[in-house]
Amino acid sequence: MSESRSEDAVPNGAAHNTSTEPHVARPNIGNRVTVVLGAQWGDEGKGKVVDLLAQDADIVCRCQGGNNAGHTVVVDSVEYDFHLLPSGIINPKVTAFIGNGVVIHLPGLFEEAEKNVCKGKSEYEGVLVRSRKGGEVKGLQEQAGKNLGTTKKGIGPVYSAKAARSGLRICDLMSDFTQFSERFKVLASQYQSMYPTLVIDIDGELSKLRDYVEKVKPMVRDGVFYMYEALHGPPKNILVEGANAALLDIDFGTYPFVTSSNCTVGGVCTGLGMPPQNVGEVYGVVKAYTTRVGIGAFPSEQFNDIGELLQTRGKEVGVTTGRKRRCGWLDLVLIKYAHMINGFTALALTKLDILDVLPEIKVGVSYSVDGENIPNFPANQEVLQSVEVQYDTLPGWNSDTSAARTFDELPENAQKYVRYIEEHLGVPVKWIGVGKSRESMIQIF
């Protein structure tokens, strides 16, 4: 016969605790960050959304990628290009924070700041660009990797060095330069053995880096401590600017034609050293059609007059690479997939005005292989290359939307296009872009 147990018996010999409250109160969550992420293959117009939100921000952060990112912002008819600096730095009151998940090419960082200062933003001179200092990896994108990788910026080689534990960090540069130099030489030697035609002026590069030590030292903070203080101090508006986009994520993107970092929402936590409970609004940025730079599967790509029209009207040329972007219809299958990963709380729909001249507009709503619908976004490139896209066809509006400043000012069919996207995805559209300038972003709620 089994032995009876009392109702209060505690299994596994654990001590019984009669208290209903924890001994220590649960910690306060503190401030939450607002995140802006690309929902396609990049080039969606994230910089414009960040520029809008940065007007009320105290801190704007980059959490991953490097100067392979390219964001363009137009303010007062002046166009600013950003690659490493968060584009929200245009706000003179904001602090720009570059987290441990970002790989940095120091000469490029300062060149970018000086170039934008010359365009009239003198307030850059007083803004700290704070970088991670301490135990977490902070890649240095040096000459050893500068001319390698998909964007010729050395991003892949630097993240590879990080994974191989041979990378160089900002904290290494800030401490013992002799030890840093030895490690730099070892890394350079490794690259030269892998790429025999690669020429590196090791002494010249080290001399440049030594000169940067004093320049960058006042800008460096321990990133985990800095973010913790920002999250748990007085109320602050903290904005996180994602680089690249969901379908370029190293884990969830169209591998192997992806970038080398996590550009989905998980990269915010690992790239800034902050917990997920502090992630607040997550805004997905979606272009009103689809573009992609470089090779890789692109189911809704249009090899016809439509693709050419979108490329020409949209001026679809990469900010970072100068390459023409491939163009096609909006693909809601991949946006749904991006939403599954990121949990978008609202969307920004950009470049709606590019569709103004089309009599009808197609939207990809499902994929099939060999005549059978597939329920999920394919992980395998060969499968993705072979899918057929099922489209819904919506009427165009054949009128200029660029002067619209409210949702009601948009043509009826343009409004229906927006509502169709919302209903299909189950995510509200908060902003609609109808031009390049800050004023061309319509806010719905």
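For all residues, glycine too, the Cβ spot is worked out from N, Cα and C.
TrEMBL entries are annotated by machine, without manual review.
A quick note: this is a predicted structure, and the numbers were derived from the prediction, not measured.
The annotation active site, proton acceptor is assigned in TrEMBL to ASP43. Neighbour count (other Cβ atoms within 10 Å of the Cβ, all protein chains): 26 for ASP43 (active site, proton acceptor).
Sequence annotations record features per position, and here TrEMBL assigns active site, proton donor to HIS71.
For LYS162, the entry in TrEMBL reads active site.
Taking the Cβ of GLY42 (GTP binding site) as centre and 10 Å as the limit, one finds 30 other Cβ atoms among all the protein chains shown. Residues or ranges marked as GTP binding site by TrEMBL: 42-48, 70-72, ARG325, 351-353, 433-435.
The Mg(2+) binding site feature in TrEMBL is assigned to ASP43, GLY70.
All protein chains included, ASN244 (IMP binding site) registers 30 other Cβ atoms within 10 Å of its own Cβ. Taken from TrEMBL, the feature IMP binding site applies to ASP43, GLU44, GLY45, LYS46, ASN68, ALA69, GLY70, HIS71, THR151, ARG165, ASN244, THR259, ARG323.
For LYS324 (substrate binding site), the number of other Cβ atoms no farther than 10 Å from its own Cβ, over all displayed protein chains, is 13. Residues annotated as substrate binding site in TrEMBL: VAL319, THR320, THR321, GLY322, ARG323, LYS324, ARG325.
As annotated by TrEMBL, region 'Disordered' applies to 1-27.
A straight line from the CA of GLY322 (substrate binding site) to the CA of ASN68 (IMP binding site) spans 12 Å. In the structure shown, the C-beta of ARG325 has more C-beta neighbours within 10 angstroms than that of any other entry among the binding-site residues ARG323, ARG325.
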